Amino acid sequence: MKWLVLLGLVALSECIVIIPLTKMKITQEPIREKQLQGKFLDEQSHSLSQNSHPDHKFSSHGLRNFRNIVYFGKISIGTPPQEFQVNFDTGSSDLWVPSVDCQSPSCSKHKRFNPQKSTTFRHLDQKINLSYGSGRMNGVLGCDTVQIGNLVIVNQTFGLSQNQSSGVLEQVPYDGLLGLAYPSLAVRGTTPVFDNLKNQRVISEPVFAFYLSSQPGNSSVVMFGGVDHTYHKGKIQWVPVTRTSFWQVAMSSISINGNVVGCSQGCQAIVDTGTSSLVGPTHLVTNILKLINPKPILDDKQVLLCEAIKSLPVLLLTINGIIYTVPPHYYVQQISQEICFSSFQGGTELLNPSETSETWILGDVFLRLYFSVYDRGNNRIGLAPAA
(Lines of atoms letter the chains of each structure in order from A; the text may use other names.)
(Lines give C-alpha, C1' and ligand atoms only; values in the text may rest on other atoms or scores of the structure.)
Protein backbone atom coordinates (compact mmCIF):
# COMPACT_ATOMS: atom_id res chain seq x y z
CA MET A 1 0.00 0.00 0.00
CA LYS A 2 1.43 3.34 -0.94
CA TRP A 3 0.13 6.49 0.73
CA LEU A 4 2.57 9.27 -0.07
CA VAL A 5 2.58 12.74 1.42
CA LEU A 6 2.28 15.06 -1.60
CA LEU A 7 1.40 18.36 -0.01
CA GLY A 8 0.05 21.18 -2.15
CA LEU A 9 2.24 23.76 -0.54
CA VAL A 10 2.21 25.96 -3.57
CA ALA A 11 -0.82 24.50 -5.28
CA LEU A 12 -0.69 22.99 -2.39
CA SER A 13 20.18 -22.04 8.28
CA GLU A 14 20.43 -19.99 11.60
CA CYS A 15 20.56 -17.06 9.40
CA ILE A 16 19.60 -13.47 10.05
CA VAL A 17 20.20 -11.35 6.99
CA ILE A 18 20.12 -7.58 7.20
CA ILE A 19 19.46 -5.54 4.08
CA PRO A 20 20.05 -1.79 4.04
CA LEU A 21 17.28 0.63 3.29
CA THR A 22 17.67 4.12 1.92
CA LYS A 23 15.48 7.03 2.91
CA MET A 24 14.67 9.64 0.27
CA LYS A 25 12.31 12.54 -0.26
CA ILE A 26 9.40 12.17 -2.61
CA THR A 27 7.72 15.37 -3.65
CA GLN A 28 6.90 17.51 -6.62
CA GLU A 29 6.39 20.71 -4.67
CA PRO A 30 8.83 23.60 -5.21
CA ILE A 31 8.74 24.76 -1.58
CA ARG A 32 9.78 21.29 -0.35
CA GLU A 33 12.51 20.94 -3.01
CA LYS A 34 11.87 20.29 -6.68
CA GLN A 35 14.68 17.83 -7.00
CA LEU A 36 16.48 15.45 -4.69
CA GLN A 37 19.49 17.11 -3.13
CA GLY A 38 22.66 15.40 -4.24
CA LYS A 39 23.23 11.85 -5.32
CA PHE A 40 23.70 8.62 -3.49
CA LEU A 41 27.18 7.73 -2.43
CA ASP A 42 28.32 4.49 -3.99
CA GLU A 43 27.40 1.77 -1.54
CA GLN A 44 29.90 -0.91 -0.76
CA SER A 45 28.42 -4.06 0.68
CA HIS A 46 30.18 -5.95 3.41
CA SER A 47 29.52 -8.94 5.62
CA LEU A 48 29.21 -8.86 9.38
CA SER A 49 29.15 -11.57 12.00
CA GLN A 50 27.37 -11.24 15.32
CA ASN A 51 29.82 -11.85 18.11
CA SER A 52 27.05 -13.42 20.16
CA HIS A 53 26.43 -16.12 17.56
CA PRO A 54 29.09 -16.79 14.91
CA ASP A 55 26.59 -18.61 12.67
CA HIS A 56 24.44 -15.52 12.25
CA LYS A 57 25.25 -13.96 8.88
CA PHE A 58 24.46 -10.39 7.94
CA SER A 59 24.49 -8.49 4.69
CA SER A 60 24.82 -4.78 5.27
CA HIS A 61 25.43 -1.72 3.12
CA GLY A 62 26.47 1.83 3.77
CA LEU A 63 23.52 4.22 3.56
CA ARG A 64 22.90 7.84 2.90
CA ASN A 65 19.63 9.17 4.29
CA PHE A 66 17.56 12.05 2.98
CA ARG A 67 14.98 13.71 5.20
CA ASN A 68 11.67 12.05 4.67
CA ILE A 69 9.95 8.78 4.78
CA VAL A 70 10.58 6.43 1.89
CA TYR A 71 12.82 3.45 2.57
CA PHE A 72 14.33 1.12 0.00
CA GLY A 73 17.17 -1.27 -0.57
CA LYS A 74 18.96 -3.30 -3.21
CA ILE A 75 18.00 -6.67 -4.67
CA SER A 76 19.00 -8.48 -7.84
CA ILE A 77 17.01 -10.52 -10.34
CA GLY A 78 18.21 -12.96 -13.00
CA THR A 79 21.41 -14.72 -14.07
CA PRO A 80 23.71 -12.88 -14.24
CA PRO A 81 22.09 -10.60 -11.62
CA GLN A 82 20.47 -7.32 -12.64
CA GLU A 83 20.33 -4.92 -9.68
CA PHE A 84 17.31 -2.87 -8.60
CA GLN A 85 16.36 -0.59 -5.75
CA VAL A 86 13.00 -1.64 -4.31
CA ASN A 87 10.67 -0.36 -1.62
CA PHE A 88 10.30 -3.08 1.03
CA ASP A 89 6.59 -2.68 1.69
CA THR A 90 4.58 -4.43 4.41
CA GLY A 91 1.40 -3.03 2.89
CA SER A 92 1.46 -5.09 -0.32
CA SER A 93 2.54 -8.58 -1.36
CA ASP A 94 3.87 -8.46 -4.93
CA LEU A 95 7.38 -8.00 -6.30
CA TRP A 96 7.67 -5.96 -9.48
CA VAL A 97 10.25 -3.93 -11.37
CA PRO A 98 10.14 -2.02 -14.67
CA SER A 99 10.61 -3.99 -17.87
CA VAL A 100 12.70 -2.99 -20.88
CA ASP A 101 9.38 -3.03 -22.74
CA CYS A 102 8.02 -0.20 -20.59
CA GLN A 103 8.00 3.19 -22.34
CA SER A 104 6.30 5.21 -19.58
CA PRO A 105 8.28 8.24 -18.39
CA SER A 106 8.44 6.73 -14.91
CA CYS A 107 10.11 3.61 -16.35
CA SER A 108 12.64 5.50 -18.43
CA LYS A 109 14.09 7.12 -15.31
CA HIS A 110 14.67 3.80 -13.56
CA LYS A 111 16.52 0.57 -14.12
CA ARG A 112 14.60 -1.90 -16.25
CA PHE A 113 14.79 -5.66 -16.28
CA ASN A 114 15.86 -7.29 -19.53
CA PRO A 115 14.62 -10.91 -19.70
CA GLN A 116 16.85 -11.68 -22.70
CA LYS A 117 19.93 -11.05 -20.56
CA SER A 118 18.96 -13.65 -17.96
CA THR A 119 19.59 -17.36 -18.63
CA THR A 120 17.19 -18.38 -15.83
CA PHE A 121 14.19 -16.24 -16.81
CA ARG A 122 10.86 -17.84 -17.75
CA HIS A 123 7.93 -16.01 -19.29
CA LEU A 124 4.53 -16.65 -17.71
CA ASP A 125 1.43 -16.21 -19.79
CA GLN A 126 -0.38 -13.85 -17.42
CA LYS A 127 -1.01 -10.12 -17.39
CA ILE A 128 -1.27 -8.08 -14.19
CA ASN A 129 -2.71 -4.74 -13.15
CA LEU A 130 -1.71 -3.38 -9.76
CA SER A 131 -3.02 -0.19 -8.13
CA TYR A 132 -1.45 1.77 -5.28
CA GLY A 133 -2.08 5.09 -3.62
CA SER A 134 0.88 6.42 -5.60
CA GLY A 135 -0.10 5.10 -9.00
CA ARG A 136 -0.78 2.04 -11.13
CA MET A 137 1.30 -0.44 -13.07
CA ASN A 138 0.29 -2.79 -15.87
CA GLY A 139 2.51 -5.60 -17.02
CA VAL A 140 3.17 -9.32 -17.21
CA LEU A 141 4.45 -12.01 -14.90
CA GLY A 142 7.83 -13.67 -15.18
CA CYS A 143 9.86 -16.08 -13.09
CA ASP A 144 13.53 -15.91 -12.19
CA THR A 145 16.15 -16.08 -9.45
CA VAL A 146 15.93 -13.27 -6.89
CA GLN A 147 18.70 -12.36 -4.48
CA ILE A 148 18.36 -10.20 -1.35
CA GLY A 149 21.79 -9.73 0.17
CA ASN A 150 23.04 -13.30 0.44
CA LEU A 151 19.58 -14.85 0.40
CA VAL A 152 18.84 -16.56 -2.91
CA ILE A 153 15.33 -17.54 -4.05
CA VAL A 154 14.84 -19.67 -7.16
CA ASN A 155 11.75 -19.64 -9.38
CA GLN A 156 10.37 -16.42 -7.90
CA THR A 157 7.37 -15.03 -9.74
CA PHE A 158 7.50 -11.25 -10.20
CA GLY A 159 5.89 -8.52 -12.22
CA LEU A 160 7.49 -6.75 -15.16
CA SER A 161 5.93 -3.34 -15.50
CA GLN A 162 5.08 -2.36 -19.08
CA ASN A 163 3.12 0.77 -18.23
CA GLN A 164 3.16 2.98 -15.15
CA SER A 165 0.61 5.75 -14.74
CA SER A 166 1.71 8.26 -12.16
CA GLY A 167 3.89 11.33 -11.92
CA VAL A 168 4.79 10.12 -8.44
CA LEU A 169 6.30 6.88 -9.74
CA GLU A 170 8.40 8.98 -12.10
CA GLN A 171 9.79 10.95 -9.16
CA VAL A 172 10.53 8.13 -6.71
CA PRO A 173 14.17 7.13 -6.25
CA TYR A 174 13.46 3.40 -6.23
CA ASP A 175 12.78 1.17 -9.22
CA GLY A 176 10.11 -1.20 -7.96
CA LEU A 177 8.31 -2.71 -5.01
CA LEU A 178 8.86 -5.78 -2.86
CA GLY A 179 5.70 -6.58 -0.90
CA LEU A 180 5.92 -8.30 2.48
CA ALA A 181 2.25 -8.63 3.42
CA TYR A 182 0.32 -11.92 3.43
CA PRO A 183 -0.17 -14.07 0.30
CA SER A 184 -3.89 -13.23 0.17
CA LEU A 185 -2.96 -9.78 -1.17
CA ALA A 186 -0.71 -11.12 -3.92
CA VAL A 187 -1.66 -11.71 -7.54
CA ARG A 188 -3.71 -14.90 -7.61
CA GLY A 189 -1.64 -18.02 -8.12
CA THR A 190 1.68 -16.39 -7.17
CA THR A 191 3.85 -16.88 -4.10
CA PRO A 192 5.29 -13.74 -2.45
CA VAL A 193 9.02 -13.33 -1.83
CA PHE A 194 8.88 -13.91 1.93
CA ASP A 195 6.84 -17.09 1.52
CA ASN A 196 9.45 -18.44 -0.86
CA LEU A 197 12.21 -17.52 1.59
CA LYS A 198 10.32 -19.60 4.12
CA ASN A 199 9.19 -22.45 1.83
CA GLN A 200 12.63 -22.90 0.24
CA ARG A 201 14.18 -22.86 3.73
CA VAL A 202 16.43 -19.97 2.83
CA ILE A 203 15.76 -18.55 6.32
CA SER A 204 15.56 -20.50 9.55
CA GLU A 205 12.67 -18.59 11.13
CA PRO A 206 9.58 -17.10 9.42
CA VAL A 207 10.32 -13.63 10.79
CA PHE A 208 11.44 -10.30 9.42
CA ALA A 209 11.93 -6.92 11.10
CA PHE A 210 12.45 -3.24 10.35
CA TYR A 211 14.51 -0.51 11.92
CA LEU A 212 13.73 2.79 10.18
CA SER A 213 16.23 5.57 10.82
CA SER A 214 14.96 8.73 12.46
CA GLN A 215 18.14 10.81 12.24
CA PRO A 216 20.44 11.64 9.33
CA GLY A 217 23.48 9.39 9.35
CA ASN A 218 21.75 6.45 11.02
CA SER A 219 21.24 3.25 9.08
CA SER A 220 17.84 1.85 8.25
CA VAL A 221 17.57 -1.92 8.16
CA VAL A 222 15.28 -4.76 7.15
CA MET A 223 16.31 -8.17 8.49
CA PHE A 224 15.10 -11.61 7.48
CA GLY A 225 15.16 -14.85 9.46
CA GLY A 226 15.45 -13.41 12.96
CA VAL A 227 15.87 -10.27 15.04
CA ASP A 228 18.95 -8.24 15.87
CA HIS A 229 18.06 -6.90 19.32
CA THR A 230 20.65 -4.13 19.19
CA TYR A 231 18.16 -2.12 17.14
CA HIS A 232 15.61 -1.72 19.91
CA LYS A 233 15.36 -0.82 23.60
CA GLY A 234 13.42 -2.77 26.19
CA LYS A 235 11.12 -5.74 25.72
CA ILE A 236 9.33 -6.46 22.46
CA GLN A 237 5.57 -6.24 22.99
CA TRP A 238 3.65 -8.72 20.85
CA VAL A 239 0.29 -7.96 19.23
CA PRO A 240 -1.79 -10.64 17.46
CA VAL A 241 -2.67 -10.11 13.81
CA THR A 242 -6.46 -9.85 13.43
CA ARG A 243 -6.66 -10.52 9.69
CA THR A 244 -4.04 -12.28 7.61
CA SER A 245 -3.97 -9.95 4.63
CA PHE A 246 -2.33 -6.70 5.67
CA TRP A 247 -0.24 -6.70 8.85
CA GLN A 248 -3.34 -5.66 10.76
CA VAL A 249 -3.92 -5.45 14.53
CA ALA A 250 -6.57 -4.21 16.93
CA MET A 251 -6.12 -0.72 18.37
CA SER A 252 -8.10 0.55 21.38
CA SER A 253 -7.90 4.32 21.09
CA ILE A 254 -6.11 7.42 19.81
CA SER A 255 -6.00 10.32 22.22
CA ILE A 256 -4.61 13.85 22.58
CA ASN A 257 -4.55 15.74 25.87
CA GLY A 258 -6.70 13.12 27.53
CA ASN A 259 -9.39 13.30 24.85
CA VAL A 260 -10.10 10.40 22.49
CA VAL A 261 -9.77 11.75 18.94
CA GLY A 262 -9.97 8.49 17.04
CA CYS A 263 -10.73 4.80 17.44
CA SER A 264 -13.26 5.60 20.16
CA GLN A 265 -15.02 2.23 19.85
CA GLY A 266 -11.87 0.29 19.06
CA CYS A 267 -10.58 -0.05 15.50
CA GLN A 268 -8.15 -1.80 13.18
CA ALA A 269 -4.60 -0.57 12.54
CA ILE A 270 -2.47 -1.58 9.55
CA VAL A 271 1.28 -1.45 10.18
CA ASP A 272 2.73 -0.34 6.85
CA THR A 273 6.34 0.48 6.00
CA GLY A 274 5.21 1.61 2.54
CA THR A 275 3.06 4.44 3.93
CA SER A 276 4.72 7.67 4.96
CA SER A 277 2.06 9.13 7.27
CA LEU A 278 -0.53 8.36 9.89
CA VAL A 279 -3.66 7.71 7.84
CA GLY A 280 -7.23 7.48 9.08
CA PRO A 281 -10.85 8.26 8.24
CA THR A 282 -11.05 11.69 6.62
CA HIS A 283 -13.53 13.21 9.08
CA LEU A 284 -11.43 12.21 12.10
CA VAL A 285 -8.17 13.38 10.53
CA THR A 286 -9.82 16.71 9.73
CA ASN A 287 -10.79 17.10 13.40
CA ILE A 288 -7.26 16.23 14.55
CA LEU A 289 -5.74 18.78 12.17
CA LYS A 290 -8.12 21.45 13.48
CA LEU A 291 -7.09 20.57 17.02
CA ILE A 292 -3.32 20.72 16.47
CA ASN A 293 -3.34 23.44 13.81
CA PRO A 294 -6.23 25.85 14.42
CA LYS A 295 -4.57 28.60 12.36
CA PRO A 296 -3.15 26.97 9.22
CA ILE A 297 -0.97 28.92 6.82
CA LEU A 298 -0.87 28.88 3.01
CA ASP A 299 -4.54 27.86 3.06
CA ASP A 300 -3.53 24.29 3.89
CA LYS A 301 -4.70 22.62 7.08
CA GLN A 302 -1.54 20.49 7.23
CA VAL A 303 0.89 23.41 7.05
CA LEU A 304 2.03 25.29 10.14
CA LEU A 305 4.92 27.36 11.45
CA CYS A 306 7.68 25.21 12.89
CA GLU A 307 7.83 27.33 16.01
CA ALA A 308 4.44 25.86 16.95
CA ILE A 309 5.90 22.36 17.43
CA LYS A 310 7.04 23.06 20.98
CA SER A 311 3.47 23.73 22.09
CA LEU A 312 1.82 20.82 20.30
CA PRO A 313 0.47 17.81 22.25
CA VAL A 314 1.72 14.23 22.27
CA LEU A 315 -0.35 11.67 20.38
CA LEU A 316 -1.15 8.48 22.32
CA LEU A 317 -2.00 5.19 20.60
CA THR A 318 -3.23 2.31 22.76
CA ILE A 319 -2.52 -1.12 21.26
CA ASN A 320 -3.06 -4.37 23.17
CA GLY A 321 -2.99 -2.51 26.50
CA ILE A 322 0.28 -0.67 25.76
CA ILE A 323 0.38 3.10 25.17
CA TYR A 324 2.62 4.16 22.31
CA THR A 325 3.53 7.84 22.33
CA VAL A 326 4.13 9.87 19.16
CA PRO A 327 5.67 13.28 20.05
CA PRO A 328 4.95 16.30 17.84
CA HIS A 329 8.47 16.42 16.41
CA TYR A 330 7.71 13.02 14.87
CA TYR A 331 4.23 13.71 13.48
CA VAL A 332 5.29 17.15 12.24
CA GLN A 333 7.90 17.31 9.48
CA GLN A 334 10.09 20.32 8.70
CA ILE A 335 10.17 21.33 5.04
CA SER A 336 11.96 24.66 5.30
CA GLN A 337 13.50 26.79 8.03
CA GLU A 338 10.11 28.10 9.12
CA ILE A 339 7.48 25.93 7.43
CA CYS A 340 6.39 22.50 8.71
CA PHE A 341 3.56 20.10 7.90
CA SER A 342 1.66 17.57 9.98
CA SER A 343 1.85 13.99 8.76
CA PHE A 344 -1.81 13.06 9.03
CA GLN A 345 -3.81 11.98 6.01
CA GLY A 346 -7.39 10.94 5.48
CA GLY A 347 -8.79 8.34 3.15
CA THR A 348 -8.94 4.94 4.88
CA GLU A 349 -12.70 4.89 4.40
CA LEU A 350 -11.88 4.10 0.75
CA LEU A 351 -10.11 0.85 1.63
CA ASN A 352 -13.32 -1.07 2.27
CA PRO A 353 -16.28 1.20 1.47
CA SER A 354 -18.77 -1.52 2.44
CA GLU A 355 -17.35 -1.84 5.95
CA THR A 356 -18.35 0.46 8.78
CA SER A 357 -15.38 -0.37 11.01
CA GLU A 358 -12.74 2.31 11.52
CA THR A 359 -9.26 1.69 10.08
CA TRP A 360 -5.97 3.52 10.62
CA ILE A 361 -2.61 3.05 8.92
CA LEU A 362 0.50 3.37 11.05
CA GLY A 363 3.17 4.38 8.57
CA ASP A 364 6.76 5.51 8.86
CA VAL A 365 5.90 8.37 11.23
CA PHE A 366 5.11 5.67 13.79
CA LEU A 367 7.70 3.13 12.66
CA ARG A 368 10.64 5.50 13.01
CA LEU A 369 9.82 5.49 16.73
CA TYR A 370 9.19 1.78 17.11
CA PHE A 371 11.26 -1.16 15.91
CA SER A 372 8.84 -3.62 14.34
CA VAL A 373 8.97 -7.41 14.02
CA TYR A 374 6.68 -9.39 11.70
CA ASP A 375 6.25 -12.98 12.86
CA ARG A 376 4.51 -15.12 10.24
CA GLY A 377 4.99 -18.28 12.29
CA ASN A 378 2.78 -16.94 15.07
CA ASN A 379 0.81 -14.29 13.12
CA ARG A 380 1.85 -11.44 15.37
CA ILE A 381 3.65 -8.10 15.27
CA GLY A 382 6.29 -7.09 17.81
CA LEU A 383 6.91 -3.47 18.75
CA ALA A 384 9.65 -1.92 20.89
CA PRO A 385 11.19 1.55 21.16
CA ALA A 386 13.81 1.98 18.44
CA ALA A 387 17.39 2.22 19.64
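First residue shown is number 1, and so on along the chain.
Backbone N, Cα and C define each Cβ position, glycine as well.
What you see is a predicted model, and the numbers here were worked out from it, not measured in a lab.
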* To do: Look at the disulfide annotations in TrEMBL and name the partner of CYS267 from this list: CYS263, CYS306.
  => CYS263
* Structure fact -> The residue that TrEMBL pairs with CYS107 in a disulfide, chosen from CYS102, CYS143, is CYS102
* List the residues of the same chain that sit at least 6 positions away from CYS306 (disulfide bond) in sequence and have their Cβ under 8 Å from its Cβ, in sequence order, or write 'none'. => VAL332, GLN334, GLN337, GLU338, ILE339, CYS340
* Round to the nearest Å and give the CA-to-CA distance linking CYS263 (disulfide bond) with CYS102 (disulfide bond). => 43
* Asked: Averaged over the whole of the domain 'Peptidase A1' (71-384), what is the pLDDT?
  -> 93
* Structure fact -> Across all protein chains shown, the active-site residues ASP89, ASP272 give the max Cβ-within-10 Å count at ASP272
